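Enquirer: A single structure is presented below for examination.
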Amino acid sequence: MSPLLFLPFLLLLLPIAVPAAQLRPGHYSQTCPEAESVVRDVMKKALVKEPRSLASVMRFQFHDCFVNGCDGSMLLDDTPTMLGEKLSLSNINSLRSYEVVDEAKEALEKVCPGAVSCADIVIMAARDAVALTGGPDWEVKLGRLDSLSASQEASDNIMPSPRANASSLIDLFAKFNLSVKDLVALSGSHSIGQGRCFSIMFRLYNQSGTGRPDPAFEPKYREKLNRLCPLNVDQNVTGDLDATPLVFDNQYFKDLVLGRGFLNSDQTLYTYPQTRTYVKHFSSNQGEFFKAFVEGMIKMGDLQFEQPGEVRRNCRVANHRPVNTLWNLGGMNPAF
């Protein structure tokens, strides 16, 4: 068969990616008007069952959208022919609470089967995690499709390390048209949740290969972390990312000003001149932080790449397809 004759048949099998410009509030108003309330109800139950899970789910948006756009790829389990993103360097032993998204998807499939994408569930759930822990609420744009595959390599190459400094973070965010202000505001996602000892051992005992702790630590805070994370600790032990780990507020920035940032990638925002101004501003004005955070989350949520997509029936696996062929519809240029 001629390739040109085969193309229409192939396109019937492979859904076409939706440009970011088509994302809009109320996307499911006709096909699944209860979508947002269903997801929020699941998040409320998760908050009661395990409060920490909301912080975990909120960070899904970051780990999903930065890797080939907001397409739910990070939710896919490995297969014999695909290494997914769950075991990538930035996700393994770090991301958790995937079952919350599973529960939201299961609830949505009962109400309106085949209508709501897993990628959109991530966006709604991230917003709800913030709102339910005391942070701002906002209207989300919806209409994303789920990817057909995932890439551990792409995640490894893109996601920043907890050792990252402000300069490298600025460069990374700039690749996605996110500003320095966006970087600092979105780092405020660490207003809730916990981090592992693994991520700070070098800061405590061998910063920059010196054999000494990071001098940016406030001494009493460093002593507290030394007790939490001694040299012989199980490095999966966790500590609070700020002084109010269950409340979304601007305490994170107040802590940075005081030298009490948990991760290097947090404290560097205060020690680096280009980001320090925003840290100080947000530490004294929670309203401005909330406003900037919402703006950053919406911009991040617009990240998409031209690629085939679908609405998965199960967020962990791509739908069964009659042909094992993927048609790349336009390269890998992000659409903002």
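From the backbone N, Cα and C atoms, a Cβ is placed for every residue, glycine too.
What TrEMBL shows for this protein is this:
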ACT_SITE  H63  active site, proton acceptor
BINDING   D64, V67, G69, D71, S73, E85  Ca(2+) 1 binding site
BINDING   P160  substrate binding site
BINDING   H190  heme b binding site
BINDING   D242, T244, D249  Ca(2+) 2 binding site
DISULFID  C32-C112  disulfide bond
DISULFID  C65-C70  disulfide bond
DISULFID  C118-C315  disulfide bond
DISULFID  C197-C229  disulfide bond
DOMAIN    22-319  domain 'Plant heme peroxidase family profile'
SITE      R59  site 'Transition state stabilizer'
Enquirer: Grab the pLDDT values for the domain 'Plant heme peroxidase family profile' (22-319) and give me their mean, rounded.
Expert: 94
Enquirer: Looking at the recorded positions H63, S73, D242, which has the shortest Cα distance to C118 (disulfide bond)?
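Expert: Result for C118 (disulfide bond): the nearest of the recorded positions is S73.
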Enquirer: Taking only the recorded positions D64, H190, C197, C229, C315, which one has a CA atom nearest to the CA atom of C70 (disulfide bond)?
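Expert: The smallest Cα gap between C70 (disulfide bond) and any of the recorded positions is with D64.
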Enquirer: Check the binding-site residues D242, D249 for other C-beta atoms within 10 angstroms of each C-beta and report the one with the most.
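Expert: Max Cβ neighbours within 10 Å, all protein chains included: D242.
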Enquirer: Beyond D64, V67, G69, D71, S73, E85, what residues of that chain have CB atoms within 8 A of the centre of the Ca(2+) 1 site's CB atoms?
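Expert: So the extra residues in range turn out to be H63, C65, F66, N68, C70, G72, M74, A119, S147, A150, A154, S155.
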Enquirer: Here are the binding-site residues: D64, D71, E85. Which has the lowest count of other Cβ atoms within 10 Å?
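Expert: E85, out of the binding-site residues D64, D71, E85, has the fewest neighbouring Cβ atoms within 10 Å.
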Enquirer: Using Cα coordinates, what distance in whole Å links C65 (disulfide bond) and D71 (Ca(2+) 1 binding site)?
Expert: 7
Enquirer: Enumerate same-chain residues with a sequence separation of six or more from C229 (disulfide bond) and a Cβ-Cβ distance below 8 A; give 'none' if the list is empty.
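Expert: Once residues fewer than 6 apart are set aside, C229 (disulfide bond) is near C197, I200, M201, L204, Q235, V237, G239.
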Enquirer: May I have the list of same-chain residues other than D242, T244, D249 whose Cβ is within 8 Å of the Cβ centroid of the recorded Ca(2+) 2 site, in sequence order?
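Expert: Neighbours found: S191, I192, A243, P245, V247, F248, N250, Q251, Y252, K254, D255.
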Enquirer: Looking only at C-alpha atoms, tell me how far D64 (Ca(2+) 1 binding site) is from C315 (disulfide bond), rounded to the nearest Å.
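Expert: Approximately 13 Å lies between the Cα of D64 (Ca(2+) 1 binding site) and that of C315 (disulfide bond).
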Enquirer: Between the Cα atoms of H63 (active site, proton acceptor) and E85 (Ca(2+) 1 binding site), what distance do you get, rounded to the nearest Å?
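Expert: Distance between the two Cα atoms comes out at 9 Å.
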Enquirer: Just name the most isolated of the binding-site residues S73, T244, going by other Cβ atoms within 10 Å of its Cβ.
Expert: T244
Enquirer: Would you kindly give the Cα-Cα distance separating C32 (disulfide bond) and D249 (Ca(2+) 2 binding site), rounded to the nearest Å?
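Expert: Distance (Cα to Cα, whole Å): 32 Å.
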